[in-house]
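What TrEMBL says about this one:
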DOMAIN    33-87  domain 'HTH cro/C1-type'
């Protein structure tokens, strides 16, 4: 069994791990909604009504146009009849899958704040929009 050395995480590593966790939670919510919509005809309006929330708010959350908390993700997935599972994945097993990822940097806008994720695949052209992550998330969830 390989040893594990606990080490201090840099600010960048902390940010990356938090972004990865938010992205995974968001994708789980998106998957739950798509499953219920396809199999049971659940709509954004029906979900909003079930929670006593505004349809626009739920729509913004599901399309990643609005910040989202873990509490909100748990509430929405629970309303859809799902329970979120948090399974740890060793970083040393995760990293080989992400070796081509680089932090988003560009000259036409400041780094995105309060977004679901913070990576864009290396070698890809950044879209000329102010909402880079909505584009990335939209592509990832299709």
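Cβ coordinates are placed from backbone N, Cα and C, and glycine is handled just like the others.
Here the domain 'HTH cro/C1-type' (33-87) has, by DSSP, the following mix of helix, strand and coil residues: 34 helix, 0 strand, 21 coil. Across all of the domain 'HTH cro/C1-type' (33-87), the predicted model scores a mean pLDDT of 93.
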